[in-house]
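As recorded in TrEMBL:
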COMPBIAS  1220-1230  compositional bias 'Polar residues'
DOMAIN    37-103  domain 'P-type ATPase N-terminal'
DOMAIN    863-1117  domain 'P-type ATPase C-terminal'
REGION    1125-1148  region 'Disordered'
REGION    1202-1230  region 'Disordered'
TRANSMEM  74-91  transmembrane segment
TRANSMEM  97-115  transmembrane segment
TRANSMEM  298-320  transmembrane segment
TRANSMEM  340-366  transmembrane segment
TRANSMEM  894-915  transmembrane segment
TRANSMEM  927-947  transmembrane segment
TRANSMEM  977-996  transmembrane segment
TRANSMEM  1016-1034  transmembrane segment
TRANSMEM  1046-1070  transmembrane segment
TRANSMEM  1090-1110  transmembrane segment
């Protein structure tokens, strides 16, 4: 019987879903050249290998879990190594240890890891099921039927309703809005919460919601194959013997949310894993930490060392058997005599491989997993990372990356929703030369605004927005007194915009703005009595101080990147024609009437003051127009707008003509609210030598303003390089020019280092980067970044970026975010962390070594793809500087101790081999070998790995420089491993040779000989347990009750088990398994044995104590100094000194460029009832002048940290009092 091919493929997919994004029907997913989709014809569409709408982010299914998980686990060299040893132990001719000593811990390790991986994947399955089970209305046989998302197919026509997520990539057919318009929010795609407009073809918009017409629609779409380009779509609709071009404006992408549109219908073009959103999501990678990769290398080294020891002992056995061993056969009769001494050596080699395998016990990996799990729970339980407003704790979604949190060198952050709340607040304004927004006390002194500051009472306005707060009462008084300039100011804000108003109930207004900036300005005008109520293509209706006023909308002079301003021309109820304009102050000031010079000077001073506080500013102006002139101008405008050639230039010339000799009204200042603690967090992380790069899908101007707000960009920087080239050559020239300016003409460009290790060349480059005293910033937009990421320019981009203090990439796609992260991973070999809150950040989060998701306003996609999640950006400081540093410190101390104790434990067998005829005889009792790592020494080292800390959490935050050892891999590396190995070898020599020499001439109290093999074994074992217990006591810096209990408890358990296993009773029950009858009782009652144990322990421990004392006293590290002060002040109550609130002092002015994009004015006036619009880029150019800034002290602190900061905490109260005057610094220790 033959199996149908389709069924075979379906089963193959079920068994191997983890291999890429392959779909069960997608036979050749990489060979699709074009896509043909016929509406509502599943039989036709199923002829093609199109994916269904089911998504899979999980790695396993019920059939593949065991083989794939075991395959992944045996990629660990140690696991494969122990499996090999287990096989050897099953061969009786060479095994001197029982097989259960290896198989029990191996199965335990595999099981614990498998359960953890299964749990992680279960939650992925649960998330996938939740998304796949969402309901969608599908048109089937002329009727709408509810179907799960996963059952939607390519070609289906589905209905979406307001506030629903788009299920797949759809061709928009019709909508409830005029002209087939609909509005979508694309936060999941590009991080922007403003509305975007999409418009159906005129021919399909006529279908409306007539089910019969929609059911009869049989158009065929021929388009490009699935790809990850969010801003591009090319296709053609064939219907009724006609062809209609399709572009990105006709497409609704999966992940968008339908807004402000009652309903719409769309035809599925791409589904499931072939949608543009999923094409931008990277694969779920198996992440390993750098320590784990190092451990794999060390295991190979140890295995080589083990082979060398086995070869030495095997050669010794062959020589001994040939020279000496044959003389003993009369006394020790062999069951099977080996006449060949070489073959005897061969068998001995494998015997010693088994005996010495404990140099890397499998319990190491069990302990590592337990410690990582404990560290994850500490993150989950941290109340200081709990966000009460949304009942959201921090969550470690993986347990394998905790120590990597202590080694981060680069942070890649999204902007919208990650650094900011994406909330704009009307903060201050300047009207006719007078500022409003500050609050003063009765003595005329400026008062800091807080939650207790009384707000302005807007109860006189029934249409006010109750969420709006303003604190300067004088502005409301000016409105009530009828100040004409103030009224004209807010009238301009209420008229000059592209906001759409929706009135759900009487007086309940909802504004749909193309950007939060516009929404904030219109909302401010609304609260001060100039309420924008409604608009049509020809009119704008306001509610001015309780009166309905309708203005005739005559023209909208749209924004573009050159103009950097927007104007509207209206006719008021008394017939006057007025032009209202708002835009960048540098643009508007050049177009003012000369009579405004004094006012312009005053307003400019106010703008400098506003921008100095990090506020986004706009200038406002108006102009009265003559009727005849305007009529003539409109005729010329109509002619220009219908011209085919040079249309843009003609329109720009006419706009420039009419926007002259305007009268200045004032300026606005909007605060783009950062999340709480963002500036302080960035300052602290910067002091930790962590570089923060911002990768955002937002506009260049917006990204720059946020950079100034959180002090990543500052006026005192030497240069801010803005890369905006449109060709490869332009981008190359701009990057080279920037790099040459930074380095100077005398230094050649540095080359990227591709070595796995941080080579000396890379260190030199890094040191050079640190020696650059001038500070630079690099800002690059999306289309330039696309060229810069090409193979020829990527090294130049990376070199230039790494020489800069701040890097901002704007207008980048999700895939470009991942490419930037991959670039740093590839060449810098540094630990990277990506943090974001939207679906557009998923690819970046998956690519970085560590992914952090913020559960914000843009859904849970980033959280579901992340390794760690929390609610606020400021928690990143605690995650890295406290949990990350502690996890790295604890893991390093754990590994150093573990390797030490196992070398000390195992190498005793090596020395004993030279005294037992190389016979593979073990020194210790077999039960001691089995229990040493599992019972006797497991809990104390676990306690150290879980609870130890060099300094407390307060000092970890106050002294960010403590984070640097992790970045430089100082606490556990190949050198540290070598030192641990030497200490272990030294300890094993002392453990063996001191008792061996002492027992040569020692007798019991009764005069009988003491030097039997079993007594010798008990003496060495007891000495070993005491020495490693003392050593872990020396290694522990933070003692808890758990540490005491485990260390003393382990010693107690050792002696209890020792006497129990050497007792007469257990020997009578299991005579063959417990041969050491009475040995402990006979040996440990002898004074001489205890003297030998004491001498051995002292000789093992004293050199370590002496070396550590001298090193700490002569060459103390920053950690040593901080710990010393911490111990000295332990009697005092610790007082946490947080970094002070940082005031924004940038004097960067914001331009109108941040809130508009060209084209929406035309849509409004065309009668298509435009409701919202898109953001747009407006890249500024040139150099930003320098000035003084609060961050100066921070920069000085950075250069002084290597010497001054470490000593600073020790300099007494005088230094501490002096440091309190610095706004942002490393806080001193109590």
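Here, residue 1 is simply the first one shown, and the rest follow in order.
Backbone N, Cα and C define each Cβ position, glycine as well.
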CB contact flag for the transmembrane segment (1090-1110) and the transmembrane segment (340-366), at least three pairs under 8 A: no
Secondary structure composition of the domain 'P-type ATPase N-terminal' (37-103) [DSSP: H/G/I, E/B, coil]: 30 helix, 2 strand, 35 coil
Segment confidence, the domain 'P-type ATPase N-terminal' (37-103), expressed as mean pLDDT: 82
Examine the transmembrane segment (927-947) against the transmembrane segment (977-996) and state whether at least 3 Cβ pairs sit under 8 A, considering only residue pairs 6 or more apart. no
What same-chain residues lie close to the transmembrane segment (977-996): Cβ under 8 Å, and 6 or more beyond its ends? 298, 896-897, 899-908, 910-912, 915, 923, 1016, 1019-1020, 1023-1024, 1027, 1092, 1095-1096, 1099-1100, 1103-1104
Report, as numbers and ranges, every residue of the chain located at least six residues beyond the transmembrane segment (894-915) whose Cβ falls under 8 Å of a Cβ in that stretch; write 'none' if there are none. 291, 295, 298, 309, 313, 316, 352, 355-356, 358-361, 364, 367-368, 371, 921-924, 932-933, 937, 941, 944-945, 972, 976-977, 980-981, 983-985, 987-989, 991-993, 996, 1020, 1024, 1027-1028, 1031-1032, 1035
